[in-house]
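Novice: Quick one: the structure is below, questions incoming.
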Amino acid sequence: MGLTSTSRKGKKAWRKNIDATEIETFHEEETHQQRRGPAVESIGDADLFFVDKEADVQGAQVISQGQRKRHRKELPLLRSQIILQQAHVAKPVLQQNPVRKVQNITGKERAKLSVKRAPKFSSIPELDLWGSDEMIPSTSEPVHTSDLQQKHIAPHKKENGICQQRLPKPLRSKVLPTKVKAVEVDMAGCSYNPDHEEHQDALAVLVASEMKRVLQRELAPVAPPKLIEGGAGEEDHLDEIEHLQVEAEPDDVDENEIPLDTSLAVTEQLGAGNKKLTKDRNREKRRQEQEKEFKKKSLLKRQRKALEQLSSIEREVEEELSLQGLKRARRQVVKEEKAASLPPRLGRHKFEPASLQVATSDELGGSLRRVVACPMIALDRYKSLQHRGLIEPRKPVVARVGRRVAYEKGLRTEKALAGQAEINEMKKARQALKRQAQKANKKSRTAENNKFELQEVPAV
């Protein structure tokens, strides 16, 4: 038989009735002691007092960080502060290397080699506004300055009571001097009572200049028309373009030249049947090596010949240099002749001389009273200034007119209707021809059928 189970009710009641007063009192005393702390009499001096050094270290760190931030935020020094700082700094002494004298040269040769530079400053006496004219020191070479130069005068220096003033460079570009006279005398044939031959020479010069202008005008490129009629002249323009497009055959045409297609076909036929063998490749290699050796030998031979002909080459070089010198001198002479007759190019347009004022044979009267008035003084002076290169030759600017296409109202519809009517007429003509062909074909067929039937009928 098994043991009888005891009741749990009594055990629970026993657990509830446990006494815990001692434990609670002990915990209360412990907490009270911890809150109150130990007694002062029982603790030594070393435990009661101590030196706190951590606060000083942390404060020093905070101060150093603030100084760094403040140093970063500092503004740069002013220019005046920099100048004051640099004023008390000693300047370094520069030691220049001694100039070496050239040996074995006499005093005369040294004087020739020394280059005398022009003075950069012009000596202008200092002007006293309140002094008299007698007190102004006179200079041997007076310096003249324009108003524009006086505005841009550089700062001057004073030496021995004289103002050393530096003159600026001229703002105007350097112009080559011309040998053209201010007043040019016309040809003798332009006189009121010239000789017959001189008059004919002057007329010939005038006619030649006019013919030159006409030829230049004819040879000049033709500008496109300003007005274009809509739809008119297009076919004529296309015909002209087609007429001008001529396929020119090349000059260097070889009569024995084989076409590329046929040569390719032949090579394909040969290559398809016969392939290169090793002996063929070896033969080609040997041939290439022989060609390289031959080229090297020929190059050495040419170099040897050139070395042998060195004296002749030097002679040729000297001749070429002399020819170049002659050409240079000739060009200089031509340039001087042009400068004597033509002005320098100052702008976009070239100088165009005025036409000669020659009297015709009818106007020649032999007396000054019968000479026709010629009010060309202003134009003559203007052309003279241009010819001497004092002013730039110019032309009147003409306002450009844009290209404008003029359209006629209803022209396209009329052309379209005319084209459609032409197409309709062509269709009608084609249909009529088709009907005629069908009728002719029908007649020929009926005639053939009748002939065949007559042949099949047996004879009685």
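Using the three backbone atoms N, Cα and C, a Cβ is placed for every residue, glycine included.
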Novice: Looking at 45-76, 109-140, 429-460, which stretch does TrEMBL describe as region 'Disordered'?
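Specialist: Checking TrEMBL against the ranges 45-76, 109-140, 429-460, the region 'Disordered' one is 429-460.
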Novice: DSSP-wise, what's the residue breakdown of the compositional bias 'Basic and acidic residues' (277-295) into helix, strand and coil?
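Specialist: Going by DSSP assignments, the compositional bias 'Basic and acidic residues' (277-295) contains 18 helix, 0 strand, 1 coil.
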Novice: How many of the residues that make up the compositional bias 'Basic and acidic residues' (16-33) does DSSP mark as helix, as strand and as coil?
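Specialist: The breakdown for the compositional bias 'Basic and acidic residues' (16-33) reads 14 helix, 0 strand, 4 coil.
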Novice: Just give the helix, strand and coil counts over the compositional bias 'Basic residues' (429-444), going by DSSP.
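Specialist: Output for the compositional bias 'Basic residues' (429-444) reads 16 helix, 0 strand, 0 coil.
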